[in-house]
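J.: Quick one: this structure, given as structure tokens, is what I'll be asking you about.
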Amino acid sequence: MINLWIILCLFNGYTSSFALRLEAPEKSASDKEFINTLARKLFVEAHKNPMNISQYEVSADCRRDYLHYLQSLMSFDMWALQMYDASGHFSTGILRGNVNSFGDFEECINIRNEKLKISGKHCYIETQPHIEESAQYLNHLKKLIQSYEIIKSRLEDPAHIFTHFSSIVYGLCVPSSCTHDDVKTFSKTFLSQLTNNTGINFELQVTKEMCHVAENSLELKALNNGSKITICLFMVICLMALFSTHVSAQSKDKKRWLEAFSLSRNYKSLVSTYRTSDDVKVIHGIKFVNAIMIFLCHKTVDSLIPSVNRTKVAEKSSEASSIVVRVCALYTDVFLMLSGVLVAYSITSRLMKKQRISLIHEYIARYMRIIPNIIAVMLATAYILPMLAHHTAHRSVVVDKPAELCRNFGWRNLLMIQNWFKFEEMCNLHTHHIGTDFELFLISPMLLMLMWRSPRKGSLLILSLATISTILRYYVTYTKSLNYFVPFSAELSKLIATANHLYTLPTHRFTVYGIGLLLGFILIKYNDIKLKTHHVLIGNTISALAMILIVKTSVKMTGLEVIYDRNMHGLFAAFAPILACIPVAWIILASQNGHTNAVIRFLQWDGFVVTTKLCYAFYLIQIPIFQLLIANRRDIRFYSGSSLINLNEIVVICLFSIATTLLIEMPVMNIKKLVFNESTISNGSVKTLNENNNKTLNGTINKEEKVE
């Protein structure tokens, strides 16, 4: 059948979304004659005839306006053509996964007919098909259409974590007098009649939030009080930084408190590659590589968004190479281990120098280090992203719901307890890792002081806690059939359960943190021990075997037809974090003992000192940027492996990371150092205030402050 868009172009009726608002010319006698024939062929005899909502049990106003629409469509009235054109139409490539059809949102809500007082309303209809098991061929077709369900989802699953991959979303343009209940009633009845006695049935949902008219579209774009306050706050921060920079450059009388906000000084500190004499050089490179891997893991969510070739994407994602992103949990395990290393390294160094360790100061300093960026990202998610997001099929999932959660539950993030609540009720989901790290930090000074006084008792306690944590991971994974490794066609409900019962809890993540504490303590306490050639050979062998074991186990759990084995997944959850940390711990230990090779030389590159300072902001900011870009996606695209690398996206994330670091993170860090230096002078903990202030403004960063 001739494409409707081509026909409209032939009639000079459609050029752009702006041209549609212009009045169409009157129909001539020839027009009317041709249109009668053309309309019959297009809308009666053709397969793409418009759905007749008026014949179903809908409200009287909806039935009346829809009948007007059908009559006007047969007359080729412009507003009716727009309403037909703005509804989704199934295209080619359905067996390749191109089954979603969103329609044209902007075209629909801009429809106006003043004479009939009819305007357009755009609704998203979300359906999930089910086929009787005995219909094997139909189930095979369903697999192709649903792209093997990379992530199996149900309509009742929380949608702000992942979009519902198993669902089919269809956009429908109807008169604004039709309510979402009308659309739901019509759709449900229509699908029921269509699939009667076919072995197919559909679940379906249409909520009020899934339907939009121009008026509520403008309301959501309007600034609310929260948005105004947030914008003003960010503007004040920018103005303060500019003022501080200007005064700092013009005034000879240096004011340390004011200089803490200076962009020029903070920029010099940011790009400085200065290292202290006892710096663990290789950690900066490890953090950079790990941050990139986590970025790629987060970016793969793009592959779950509807695409033209989604079935092909699913087939590729079942290959062995996909384990790189299926083991995402292990990258956060490595970060937790690095956090433990740096904390132990710093505290043990001070204990060796006989410096007093104040728990209150440690906790306050840590909190001040991480909370500014948490607040900034939380405010942006709650009040800025909804202003910038368009009305698409994904907006309510990736923007509106996270914004609502941050407005309602952001206080949990401020208290660093968000990881103890349900994943589906968490503001900024990715901050669960920050909460876990902070809670593990709370007990680390006491463990380290015990280990300093009695290395044997302290080490045994840490090893005992690590063992208990390992047993807990196996037990909860086995008993609840969880997925620490993400298999192909994993159930979304199981992934959420994994987060709630395993992934976000410090009790189940202590093992790797404990490894970090032991390693950091060893690096200081036993730094005089030198590795011999056979030690290096043994360390390299064990590290290689650990990596091989992870890869072989992961490959065994990957593929289209792999059956879930809860014992194997339990063992993976228990021991894979340990195996992943062994090579990293060995690289740190070997490099600190003077051993070097190509990998260590790469990881010790001075430029990674700069990336370390940006790492925390980069981690926090990337998810809101992804959410906004996904929400604003209006089309269904062709997806390929290169889609993971979007230079524009990367540049935007890096720029916001730099801005957040310079405007928020570094000023607060400078103030924190000034406060603690002033408050500890009377205790004799530091030599002079000026000496420490100079270190602060020249970019010297304590080891524990590098932890992300």
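Including glycine, each Cβ sits where the backbone N, Cα and C put it.
OK, TrEMBL features for this one:
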SIGNAL    1-19  signal peptide
DOMAIN    59-213  domain 'Nose resistant-to-fluoxetine protein N-terminal'
TRANSMEM  323-347  transmembrane segment
TRANSMEM  367-385  transmembrane segment
TRANSMEM  458-476  transmembrane segment
TRANSMEM  510-526  transmembrane segment
TRANSMEM  533-551  transmembrane segment
TRANSMEM  571-590  transmembrane segment
TRANSMEM  602-625  transmembrane segment
TRANSMEM  645-664  transmembrane segment
J.: State the mean pLDDT for the domain 'Nose resistant-to-fluoxetine protein N-terminal' (59-213).
T.: 86
J.: Spell out yes or no: are there three or more C-beta pairs under 8 angstroms between the transmembrane segment (571-590) and the transmembrane segment (323-347), with each pair 6 or more apart in sequence?
T.: yes
J.: Please indicate, using numbers and ranges, the residues of the same chain that are 6 or more beyond the transmembrane segment (367-385) and have a C-beta under 8 Å from a C-beta there.
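T.: Same-chain contacts beyond the ends: 224, 226-227, 229-231, 233-234, 399, 402-403, 406-407, 410, 413-414, 416, 427-428, 431, 434, 438, 616-617, 620-621, 624, 627-628, 631, 660, 664-665, 668-669, 672, 705.
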J.: Which range wins on Cβ pairs under 8 Å with the transmembrane segment (323-347): 458-476, 510-526, 533-551, 602-625, 645-664?
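T.: By the under-8 Å Cβ criterion, the transmembrane segment (323-347) pairs most with 510-526.
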J.: Apart from its near flanks, which chain residues at least 6 from the ends of the transmembrane segment (458-476) lie with a Cβ under 8 angstroms of it?
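T.: For the transmembrane segment (458-476), the sequence-distant neighbours (Cβ-Cβ under 8 Å, at least 6 residues beyond its ends) are 447-448, 450-452, 482, 484, 501-502, 507-511, 514-515, 517-518, 521, 570-571, 573-575, 577-578.
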